[in-house]
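Taken verbatim from TrEMBL:
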DOMAIN    193-291  domain 'HTH araC/xylS-type'
Amino acid sequence: MVTSKAKTESKPSFVSTQVTDARRYFLDLTPDEEKPITIVCGGRERVSKDYVVRRTTFPYLCVEFVAEGHGSVELNHKKYPLRPGAVFAYMPNIAHCIRTSSTDPMLKYYIDFTGSEGAKLLRESSLRGDRAIYVSNPEEFVGLFEMFLKEGMSGETHGQDLCAALLPVLFLKLSQRAMPGNVRQPRAYFTYLEARDFIEKEFRKYDTIEEVAEELLTNPASLCRLFRRFGETTPYRLLIRLKIQEAASMLVDQQMMVKEIAAELGFADQFHFSRVFKRVYGLSPEKFSRQSQWST
C-alpha cells in the first residue's frame, strides 16, 4: 500500500482499511473553506471481498468511480448497482453505504474536495451530490483519475493546483459521457471496446480497416458505426495515429531511416508515409527528427 507524503502523519479516520491494495495522496486535510476548490485527498483502492462502508455524514464533498468489479451504493436511502463505469457522489449530511460484491470486488477511485466552486460543480452535475450515474467510455475516466493520482502523489509544489484544475475537467467529462437514467452498457459498447483494444495492440500488423474488420469477423461499415456511436475518432484515424506515434518513436529512439520506417509500418512508400506523418505532427519526419535531437 502506497501513500504520498501527507500533512499529518496518521491516516485520517474516514479512510477505509478494508482494502487489499491502495495508492493514496493527502494534499490538505484542513482545507480553507474560502478557497473555490481544494483537493483534500484521493486515491485508488482495490477493496477486500468483505468491504462495507456505512456513514451517516462525511466531512467533505466526494466523487467515486468504479473501474472494475461490482457492488452497490445506497445514497439517502436509494440504492444503486455499481459496475465498471459507475460514478457516485456524496456530501456532508448525506448518509451512504458502499458495499462490494464478495465474488467480484471493486477497484475504485475517489476524490475528496471542498470549496464553493467545487460544491457548485457537484450540485450542477448529474450527480447532484447524492446520486449515482453511469458513463460510456469508462477507460477515459481511468486515465483522468490516474492523472489526479500522479499529480497528487508527486509531492511537487503545484500538485494541489494541478489537481484542483483537473476537477472541472472531470465534471465536463461526466457531462459529456453520462448515460441517461440507469441505462446498462449495451452489448455493442463492449464490442467497441474489444475492437479498440485489438487495434491498439495489433496496429503494426494491419494496413487497412478492411483487414482489421475481417480479423474481427465484421465489416468496415459496422466497425465505423461502433466508433461513431461510442468513440471520438474513426477506426482508421486510430490505426494511423498509432502507426505515426510508433514512427515518431522509431525516428527518435532508434534513429531509423524514413524509408525503413515506412516499410516497417506498412505504408505504400516513404512519400506517402511522409505526407501522413506531416498531417499528424505538422512536420516532415526529417524535421521532426532534427527538432527532437535539438531538444535532447
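Note: Cβ is positioned from N, Cα and C throughout, glycine not excepted.
In the predicted model, residues of the domain 'HTH araC/xylS-type' (193-291) average a pLDDT of 90.
Mapped onto DSSP helix, strand and coil, the domain 'HTH araC/xylS-type' (193-291) counts 77 helix, 0 strand, 22 coil.
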